[in-house]
Amino acid sequence: MNTAKRIFKNTSILFIAQVVNYILAFFYTIYLARYLGVSGFGVLTFGISFTTIMGVTADLGLSILAVREIARDKSISSGYTGNLIVIKLVLSSITMGLIVLFMNLFNYPSQTIQVVYLLAIWMLFTSFTQLFYSVFQAYEKMEYQSLGTILYSILLFSGVFYGIFNNFSIEWFALIYLIVSGVTLAYTVFIQITRFPRPSLQVNWNFWKSKLTLALPLSIASIFSTIAFRVDTVLLSLFQGYIVVGLYTAPYKIIEVLLFIPSVYSAVIFPVLSRFHVSSKESFQLIYVKSIKYMIILGLPIAAGITILSNDIILLLYQSAFSGSVVALQILIWTVPLLLLTTSFGIILISMNKQVLAIRLTFIYMIFNIGVNLVVIPQFSYLGAAVVTVLTELVNFIMLFYYLSKFICKVPLHKLIWKPALATVIMSLFIISVHLNIFITVLLATVIYFALLILFKTFSKGDYNIIRKLVEKG
């Protein structure tokens, strides 16, 4: 199977799984928010955000390093995975201790502490699951990861609705998250030992030192990035309370659903980029340029359309209790075009072994986010945090694009943007002018947008050739 077809196969498999995942997550999140109310939803989402931040210390970049290293030499898989399992057991113990320390240091309410402790175990189980997913990605066997993703989604969907129908408290919903992640971890362990080289549990100090040294730049970059992406929720909980957290995270959940696009794309192209960086600079450059083009084409209409329809979307999904989230959604949605690009850029940078640069950029990114949020949140609350989120992602994009332009090639960004931008403006005027059912409006707007792209000859012969090669048989 050639590279184009392999990318297409893996992208399709992961895409289907992520679509199922995000559709189910979309519904259980909406109904959970309605059931818990603004304050209760704020407590749960704070717990998820906080444990996600702390969860970076349980991995330290080892999972993403495993993808790169095993993809290049699959003979090391057994010993490599076995050593990482032992390392992560140690790191998980340290992480749990830090979580307990933080929660007691800041005197959070007892209910919040219980929720966070349960979600901390959920996070640790998920961290180990991600390690095994890294092995699946390295072997480009995305079907196993996809099945795990679907299993997790179905179980969590079922658990959440069971809890709603039985009037569960917030603590019980946190326990549901824990149980589901445990079952998913058991599935990945089973696949790992039956379909791939069985991990050989080892304590190889030289290996530990070597891999932790290699992973350190990846881990620091990941820590900085995760903090920058999640710290606003933690700061809002400290300065403004859980009602504000709920109003802020409700639209944030919509953003997270849309991020399945770059997450799937990045997971698929990372092992391919890791090989091409060594074997084919021309192919590496082509993926970089096409990634920019396609992410722009997807990002602009999503942001514009949701901005216009934000009031209808919030009322449809969360009902009137979350009406304060409308403006936050109108602001936050503009992170999507930027995140589509920066997520791909980050993977490209790591595949080039530019970990030290990644540390510098993500440190600036994090400091900017925390510093501005500390000034803005006390005065402007969650709307200020939303503006800071967009500005932070813009800073990240500018830095990444500048360096990738130096390392790979200069991309005429204005030439790639103007046609999708013009099509987006026309599509937006259509949305504003009609007063139809929201679903019909979105469908017609999508058709109009892509018809305009074709009319403007946005896609080159090369684009059509890529599509043709991806779908042809043989």
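Glycine is treated like the rest: Cβ placed from N, Cα and C.
Keep in mind that TrEMBL annotations are predicted by a computer and have not been checked by a curator.
Database features, via TrEMBL:
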- 12-31: transmembrane segment (TRANSMEM)
- 43-67: transmembrane segment (TRANSMEM)
- 115-135: transmembrane segment (TRANSMEM)
- 147-165: transmembrane segment (TRANSMEM)
- 171-191: transmembrane segment (TRANSMEM)
- 212-231: transmembrane segment (TRANSMEM)
- 251-273: transmembrane segment (TRANSMEM)
- 294-319: transmembrane segment (TRANSMEM)
- 331-350: transmembrane segment (TRANSMEM)
- 382-404: transmembrane segment (TRANSMEM)
- 416-432: transmembrane segment (TRANSMEM)
- 438-459: transmembrane segment (TRANSMEM)
**Study point:** Contact set, same chain, for the transmembrane segment (331-350): CB under 8 Å, 6 or more residues outside the stretch
**Key:** 64, 68, 218, 221, 225, 251-252, 254-255, 258-259, 261-263, 265-266, 269-270, 273, 287-288, 291-292, 295-296, 298-300, 302-303, 306-307, 310, 357-358, 383, 386-387, 389-390, 393-394, 396-397, 400-401, 403-404, 408
**Study point:** Same-chain residues near the transmembrane segment (416-432), Cβ under 8 Å, at least 6 residues beyond its ends
**Key:** 292-293, 296-297, 300-301, 304-305, 308-309, 441, 444-445, 448-449, 452-453, 456-458
Study note, to complete from the structure: Beyond a gap of at least 6 residues from its ends, the CB atoms lying under 8 Å from the transmembrane segment (382-404) belong to 228, 232, 235-236, 240, 244-245, 247-248, 251, 288, 327-328, 331-332, 334-335, 338-339, 341-342, 345-346, 348-349, 354, 357, 361, 364-365, 368-369, 372-373, 376, 411, 413
